[in-house]
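Participant: Sending over a structure as structure tokens; questions will come in a sec.
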Amino acid sequence: MPLHPLGDKPLTFPSPNSTMENGLDHGTPLSPGSLRSAAHSPLDTSKQPLCQPWAEKRGAQGTHEVQYVSAGQSVACGWWAFAPPCLQVLNTPKGILFFLCAAAFLQGMTVNGFINTVITSLERRYDLHSYQSGLIASSYDIAACLCLTFVSYFGGSGHKPRWLGWGVLVMGTGSLVFALPHFTAGRYEVEADTGVRTCPANPSAACADRTSGLHRYQLVFMLGQFLHGVGATPLYTLGVTYLDENVKSSYSPVYIAIFYTAAILGPAAGYLIGGALLNIYTEVGRRTELTTESPLWVGAWWVGFLGSGAAAFFTAVPILGYPRQLPGSQRYTVMRAAEMHQLQDSSHREASNPDFGKTIRDLPLSIWLLLKNPTFILLCLAGATEATLITGMSTFSPKFLESQFSLSASEAATLFGYLVVPAGGGGTFLGGFFVNKLRLRGSAVIKFCLFCTVVSLLGILVFSLHCPGVPMAGVTASYGGSLLPEGHVNLTAPCNTACGCQPEHYSPVCGSDGLMYFSLCHAGCPAATEMNVDGQKVYRDCSCVPQNLSSGSGHATAGKCTSTCQRKPLLLVFIFVVIFFTFLSSIPALTATLRCVRDPQRSFALGIQWIVVRILGGIPGPIAFGWVIDKACLLWQDQCGQQGSCLVYQNSAMSRYILIMGLLFKVLGVLFFATACCLYKPLSESSDGLEACLPSQSSAPGSATESQLQSSI
């Protein structure tokens, strides 16, 4: 069908009376970014010319191609021929939003919640090293990077709900595969580790030979994570564009904010549910002498993956039933076109073709158009800097809190969860709310992102503060209590030489002298003196702990010494501010990305942006933060002669390194957003004409006019 520029032929729309019902357009659907000429449409008898004066004014130069699409696509909700009327009540933007939120919640709960919670248990159960568990976690991002180009390009011009539904099915399959080793590796049988930590120690128990082939299950876990990444790829590219295409432009940020809020609440649920499941022994129904405090304890890590896998299958079924376009969504295409970034040549005309992007031949032009869009490129780079901070700090912030405030790992994770849920979830939702409430468009959205980045940059300065570390005997203080020079670590002293302490098992205790000791053995505490006081294990007659005048003998309590840091409230408040304003800019930045590219390219643009964000931010972020934090390590774990993880950090150095990393990437983010704001060029002239081209609904009873609808956008 030939294309007719505005300057050559007047545009026509179907009569309002023939296509508008209850304020929703059930007539001919509009293709993304364009309207096709209705010369051969069966609705020709009800055509009326529009925009003739504007077309004559614009002429051939600077025309904006707008086309019709003939009616023929089904907008009913159902599965192939089965589309009962009772299902059509769900065939609305709110209906698809509910199911996409459920899918995003499951993805966040599984990948960012369960995985991070069970990593330690997997290392114990399947004899994995930290770098192997790191490969398991990275398999998700690797799969996403490999699939993003294909899914976003072909899925963007395809049937988005079917791509989304099949993606959720693949994600559910990945969860079931991840839980498979529990059923194929045999029972987990260990003995209680008595005699390892007290004085005298049992050397044979420290480095028992536990060589097995269980580490090969790493490949199964990597496959499960890979399937998670493949299945989640359509969710944050096609899912976002499908929502944006089917709601009014001013409502789109709110819908997307709700969608991303569900994705952020998922990890919080994953931490809570996963943590509760880890209190259940992995061999459910079998009794064991181990306690949850034992380093050999393995919880029921696999139960959560079975549940999330089953829930994913139930969620995918309704998503597969949604149509290519929701009823009444066609008129929003013209409104979105007014906010697109203006290109400097005529290459956009070919991209306006409704068939553009459906074949591999259009791929080079699609990439070229995105590369020529400076606003899009800068937004991608800004997103990468934010992703570096988000992934890096989300991975190591619990470790930071644990070191600064002398908390246990579970206490630090819980405290960080209490910060992330209101700050991250609230910031994400309010970001979309402010874009809608303040009616931000074009460069105003990017300015809002710039403002949020500047505020979070100022909040990063709080990391110039730190809490003094609890003195540890043989690491930061001598066994007599005096300070040790940095780097002079010696856990052996005359008081514990006869104990034969082994450095393989780290189990800190707090002495009555205020010093923290590496273990009961290093404190010189015999096992026979164990007793319970107020629910805590107390060991008396510890040879390395100086005698106390009140108690008459030195004693130690299991666990770390309590931190007396007075800066804890201040640090937590500013960490909350940094998280809040970082997530506050996420939905506006995504909205700006959707508005600076043309409709046929939006899914592909999001796919390219996700690739850039993951390669430049998501994948290297934890690696970079982990590398600098390791520089602050004072004492490394000794795994039978091999270096393990870091046990004790220098708080001042850790804060300093996080401050440097935070300032570096926040300053880059400010520069990228500021430059994007300066280079953004909206289609201002086309905007007026397109608004004038919108069909009127004044004749439809009980419905608002299209001009009123546009004024609210």
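Placed from the backbone N, Cα and C atoms, the Cβ positions cover glycine too.
Straight from TrEMBL, here's the annotation block:
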REGION    1-44  region 'Disordered'
TRANSMEM  96-115  transmembrane segment
DOMAIN    96-681  domain 'Major facilitator superfamily (MFS) profile'
TRANSMEM  135-156  transmembrane segment
TRANSMEM  163-183  transmembrane segment
TRANSMEM  219-243  transmembrane segment
TRANSMEM  255-281  transmembrane segment
TRANSMEM  301-322  transmembrane segment
TRANSMEM  376-396  transmembrane segment
TRANSMEM  416-436  transmembrane segment
TRANSMEM  448-466  transmembrane segment
DOMAIN    489-546  domain 'Kazal-like'
TRANSMEM  570-592  transmembrane segment
TRANSMEM  604-629  transmembrane segment
TRANSMEM  657-680  transmembrane segment
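Map the listed features onto the structure and describe their local environment.
Facilitator: Here the transmembrane segment (96-115) has long-range neighbours at 136-137, 140, 161, 164, 168, 171, 175, 225, 228, 231-232, 235-236, 239, 242-243, 246, 255, 258-260, 262-271, 273-274, 301, 304-305, 308, 311-312, 315-316, 318-319, 322, 326, meaning same-chain residues at least 6 beyond its ends whose C-beta is under 8 angstroms from one of its own.
Summarising model confidence by region, the domain 'Major facilitator superfamily (MFS) profile' (96-681) averages a pLDDT of 80.
Within its own chain, the transmembrane segment (135-156) is flanked in space by residues 111, 115-116, 119, 122, 128, 163, 167, 218, 221-223, 225-230, 232-234, 237-238, 241, 357-358, 363, 366, 600-608, 610-611, 614-615, 618-619, which lie at least six positions past its ends and keep a Cβ under 8 Å from the stretch.
Listed by sequence, the residues of this chain that lie at least six past the ends of the transmembrane segment (301-322) yet keep a Cβ under 8 A from its Cβ atoms are 77-79, 83, 87, 90-91, 95-96, 99-100, 102-103, 106, 109-110, 114, 117-118, 121-122, 125, 161-162, 164-166, 168-169, 171-176, 178-179, 181-182, 224, 231, 270, 273-274, 277-278, 280, 282, 284.
The list of residues near the transmembrane segment (416-436) in space but at least 6 beyond its ends in sequence, with Cβ under 8 angstroms from a Cβ of it, reads 250-251, 253-258, 260-261, 264-265, 267-268, 271-272, 394, 397-398, 401, 445, 448, 452, 572, 575-577, 579-588, 591.
Proximity of distant same-chain residues to the transmembrane segment (448-466), defined by a Cβ-Cβ separation under 8 Å and at least 6 residues beyond the stretch ends, is recorded for 382, 386, 404, 431, 434-435, 438, 440, 567, 570-571, 574-575, 577-578, 581-582, 584-585, 588-589, 592, 651-652, 654-656, 658-659, 662-663, 666-667, 669-670, 673-674, 677.
Outside the transmembrane segment (570-592) by six or more residues, the chain places 240, 252-253, 256-257, 260, 264, 375, 379, 382-383, 386, 389-390, 397, 404, 415, 419-420, 422-428, 430-432, 434-435, 440, 445-446, 448-449, 452-453, 455-456, 459-460, 462, 465, 467, 662, 676 with a CB less than 8 A from a CB of the stretch.
Within its own chain, the transmembrane segment (604-629) has Cβ neighbours under 8 Å at 138, 141-142, 144-145, 148-149, 151-153, 156, 236-237, 240-241, 357, 366-367, 370, 376, 379-381, 383-393, 395-396, 399, 593-594, 597, 646, 649, 654, 657-658, 660-661, counting only residues six or more beyond its boundaries.
Non-local neighbours of the transmembrane segment (657-680) in the same chain are 341, 374-375, 378-379, 381-382, 385-386, 388-389, 392-393, 396, 400, 442-443, 446-447, 449-450, 453-454, 456-457, 460-461, 463-464, 578, 592, 596, 624-625, 628-629, 631-632; each lies 6+ residues outside the stretch with a CB under 8 Å from one of its CB atoms.
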Participant: Report, as numbers and ranges, which residues of the same chain sit near the transmembrane segment (219-243): CB under 8 Å and 6 or more residues beyond its ends.
Facilitator: 93, 96-97, 100, 103-104, 107, 110-111, 115, 122, 135-137, 139-144, 147-148, 151-152, 155-156, 160-161, 163-164, 166-181, 252, 255-256, 259, 263, 305, 312, 590, 594, 602-603, 606-607, 610
